[in-house]
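Right, one structure below, let's go through it.
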Amino acid sequence: MRKVFENSSWLLIDKISKLFPGILVLALMARHLGPRVFGIWNYTIAFSAIMTSIAVLGMDKLVIKELMASEEDQSRIVSTIAFMRLTAALACMLFSTFLVHLINPGPVYLLCIIFSSFTVLLQSFDVMDGFYQVNNSLKTVIVPKVTVFLLFCAIKCVAIFCNASLPAFLWITLLELVTTYVWILGKYSLQFSPPSLRLVSLRMAGRLLGNSWVLIMANLVVVLFMKVDNILLNILATPEELGNYVVAVRISELWYALPTVVSTAMLPMLFRKKEEDQSAYLQTLGRWLRISCFISLSLAIVISLSAGMLIQLLYGSAYATAASILRIHIWSAIPVFLMMVVVQYLFVEGKFKLYLYSNVAGLILNVAINLLMIPHNGGKGAAIATVAAYFSVYLVMVALDRSGQALFLAREMIHPVRIYTDIADISHILRKSWNNYLFTGSHKSIPHE
């Protein structure tokens, strides 16, 4: 259990250490490049993310299952999955480059998609993450990722100071990825057998591919759900509008890390609670849901009121339009925070298909509203579509749960007595912690004369 919590801690360190440096460097780059160029770059990044969801082949989930089932054959599994993902990534890389150039002929689009597509290729080596996760040593991959990320944040700041152009930032971003994966692959090769074509099993590859099509579809739906607004904004509006939309979304989605971090820490406890006491398990989920609702609602109100100041402070007057987009998009935090709780519930209960069905429903609604609203409302229309789609995903998850437990939790979330009890309990815990800090801590630190 100690190793499980250690792995969770390293995952949290990875997310938190990238959070605020990432948003600050992104703001500086957005100011430097301007809305149009920044929008085009993010359009190609969105395209590459969609291709990556296919190129992964669902192996991000299957690799852990395979490695745990055959510990003595881990080198063959790593080599086979890396080979499968590299092959798929090459095909997706070429297809995305061709498609973007066909839709948007022009040197800037072509340059951006070529560099962005290398992400698809290099992320094939994320199979190492699964290997180290199974072997309870995630630190081995997270330390290189965080170290290289922070180093290249500094390099990007230097490039901005030197008034570098777009190609320089594309090269820096590519070099960051190459450095990260060379470090991880080198460390793995020194400790174990390096991935090799000699270890690739075509029979295993065929079996894994046969089992992964549902996961491929699920990954594709989720990424399309998150990135389709970027694609449609570039097609139906302008790159400048997309640039404004992206900076607003980055501030809004910055807060999604909070429920992600909590989910990572909560999952082992939820499994244990369900085995020990069903009533306590549901009570924990209900309390988590109420706290998530309160935090997300508070965030939405605060960010809505301060959107203009935040955009001006981080991105400058060139992105003034982003403020109105942010005021709308931040309300997606409420269904996202609530969904994180329900998704963990579905995972513990083994109801994986409900997650896929609800995301398909959300994707259809998202595309429909975007097609209707972007031509007239631009980024604000895309933000409205996102909020509506996220709420629909949450509601579909609750509605499709035949056990009625998700609906029970949704009702408990707005139960006034439960809310009052939660507030009283949290106040008691805070008072107790404060008293312990004041009195226990002071007695230890102040010597008696």
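Positions of Cβ are set from backbone N, Cα and C atoms, glycine also.
Where the annotation comes from TrEMBL, it is an automatic prediction and has not been curated.
Residues annotated as transmembrane segment in TrEMBL: 40-59, 80-102, 108-128, 140-162, 168-188, 208-226, 291-316, 328-347, 354-375, 381-400.
At the 8 Å Cβ threshold, with sequence separation of at least 6, the transmembrane segment (208-226) lacks contact with the transmembrane segment (108-128), having fewer than 3 such pairs.
Packing against the transmembrane segment (328-347) from elsewhere in the chain are residues 248-249, 251-252, 255-256, 258-260, 262-263, 266-267, 270, 285, 288-289, 292-293, 295-297, 299-300, 303-304, 307, 354-355, 380, 383-384, 386-387, 390-391, 393-394, 397-398, 401, 405-406, 409, 413: each is 6 or more residues past its ends and has a CB under 8 Å from a CB in it.
Among residues of the same chain six or more beyond the transmembrane segment (40-59), those with a C-beta under 8 A of the stretch's C-beta atoms are 33, 81, 84-85, 88-89, 91-93, 95-96, 99-100, 104, 108-109, 112-113, 116-117, 119-120, 123-124, 126-127, 130, 166, 170, 208-209, 212-216, 218-220, 222-224, 226-227, 230-231, 233-234, 239, 242-243, 246. 108-128 is the stretch from 80-102, 108-128, 381-400 with the greatest number of Cβ pairs below 8 Å to the transmembrane segment (168-188).
Residues 37, 40-41, 43-45, 47-48, 51-52, 55-56, 59-60, 63, 78, 81-82, 85-86, 89-90, 92-93, 96-97, 100-101, 141, 166-167, 170-171, 173-174, 177-178, 181, 184-185, 188 of the same chain, all 6+ positions outside the transmembrane segment (108-128), place their C-beta atoms under 8 angstroms from a C-beta of that stretch.
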